[in-house]
Amino acid sequence: MNTRFLDACWGKPVDRTPVWLMRQAGRYLPDYMRVRSKCTFLELCKTPELAAEVTIQPVDILGVDAAILFSDILTPVEPMGMALDFVPGPVFEHPIRTMADVEKLRIPQMEQDVPYVLETIKILRRELANKVPLIGFGGAPFTLACYMVEGKGSKDWATIKRMMYAAPEVYAALMEKVTMMDMEYLNAQIKAGAQAIQIFDTWGGVLSPSDYEKFVLPYTTKLINGLNRQNVPVIHFVKGAGTMLDTVKKAGGDVMGLDWHTNLGKARDILGSMAVQGNLDPTVLFAPNDVIEKEVKRVLDENGGRSGHIFNLGHGILPTVPPENAIHMVECVHRLSQQ
C-alpha cells in the first residue's frame, strides 16, 4: 500500500509529497455525476456500494495518495432527532433554539443509526487494501452546531452567535451533547477501519480569536482527546483560522489543515513540528497548466522541503473544475516534490 500520506501525517520523511483533495469525490467528475444521476444525495450517502464506488473514483482517476469517505458532515446529526433535507444545501426543519430543544436530542447508537457509514468503510478497506489509506471524517462540534441552530447555511451565523452571548447555558448544553455524539461517531469510524480522521471546522473562523478560545476550543479539545487514535492521525481543519493557529493548535491533533489565506511557511514556523495539510487556492484549478504548475511549486517552496506536509487545496474542489486540471495538479505535486 502507498503509505506516503500516513507517513507525512506522522512527520516522517517521504520520497515525494502526498496529495489528496477535499471533496475529491464530487460533481467535477463525470463518473461521479453518472452515479449521482440515479439517486438523491442522501440516497448516495446511505447506499454503501455506491458511496464506496464514488470514494474510489478519484483514487483511480487523479492518482491521489489517500481516499476520503464519501458522506456528509451532517449524517450523524439526523439520527439525533433532526429531520434533514438537501434542497439544495442542508436544511433542518426544526432548528435548536431552546434548552427544551437540546434536551430532546438523543445520542445515536452508531451501529444501529448509521450502519451504512460503517459498512461503506468496511467495503473500502477491502477494495483499497493495496492502494491508499482511507480517511474518515466528521464536522467539528461548532460547525455542526452552526447548522443545527441556524437550520441552514448562513452568511454571518448570527443566530448561534446570539445564543453564545445571550443564552450561554443553552449553547454549552448543545455543544456538550454534539461533542459526545461526534466522539461516538468518529470512534465508530475508527473501529470500522478508518486509517486517519479529518475534523472539518468550516465555520470556526467566523469567530474572533478570543471567542474561538472560549466557545469552541474546549469542545474540539475534548473531542480529539476522546478519540481512540492509536496509529490513527487526526487532521484538524479550521477554515479562516490563519490568525489564530497558535490557539487552534491547543486542541491537539496531529496535522493542521490550512486554508489558502495562510502562508504555509509562516504557518509552519508558528506550528513547529506539527504536520500541515494544504493549501492551494481551489480557483487555481481553473488556470492554464503552466499557472497551475507555478502555483503548486510556490506552495511546495513555502514548505521549504520540511517533512510533514500533505498537499491539498485550501478548501473543497469546485464543481466546475475541469477534471484534467485536477489530474495535472496531482502530477505536478508528485513530479516537483520527488526526492
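Note that Cβ sites are derived from N, Cα and C of the backbone, with glycine treated the same way.
H315 (substrate binding site) counts 24 other C-beta atoms within 10 Å of its own C-beta, drawing on all protein chains shown. Among the features that Swiss-Prot reports, substrate binding site is placed at R23, Q24, A25, G26, R27, D72, Y147, T202, H315.
For D72 (site 'Transition state stabilizer'), the number of other Cβ atoms no farther than 10 Å from its own Cβ, over all displayed protein chains, is 18. The site 'Transition state stabilizer' annotation in Swiss-Prot covers D72.
The C-beta environment of R27 (substrate binding site), restricted to residues of the same chain at least 6 apart in sequence and closer than 8 Å, consists of M33, R36, P319. Across the structure, Y147 (substrate binding site) and D72 (site 'Transition state stabilizer') place their CA atoms 13 angstrom apart. Around R23 (substrate binding site), the same-chain residues six or more apart in sequence whose CB sits under 8 Å from its CB are G316, I317, listed in sequence order.
Its Cβ placed at the centre, Y147 (substrate binding site) has 27 other Cβ atoms within 10 Å. Across the residues the record lists as binding substrate (R23, Q24, A25, G26, R27, D72, Y147, T202, H315), the two Cα atoms farthest apart are 23 Å from each other.
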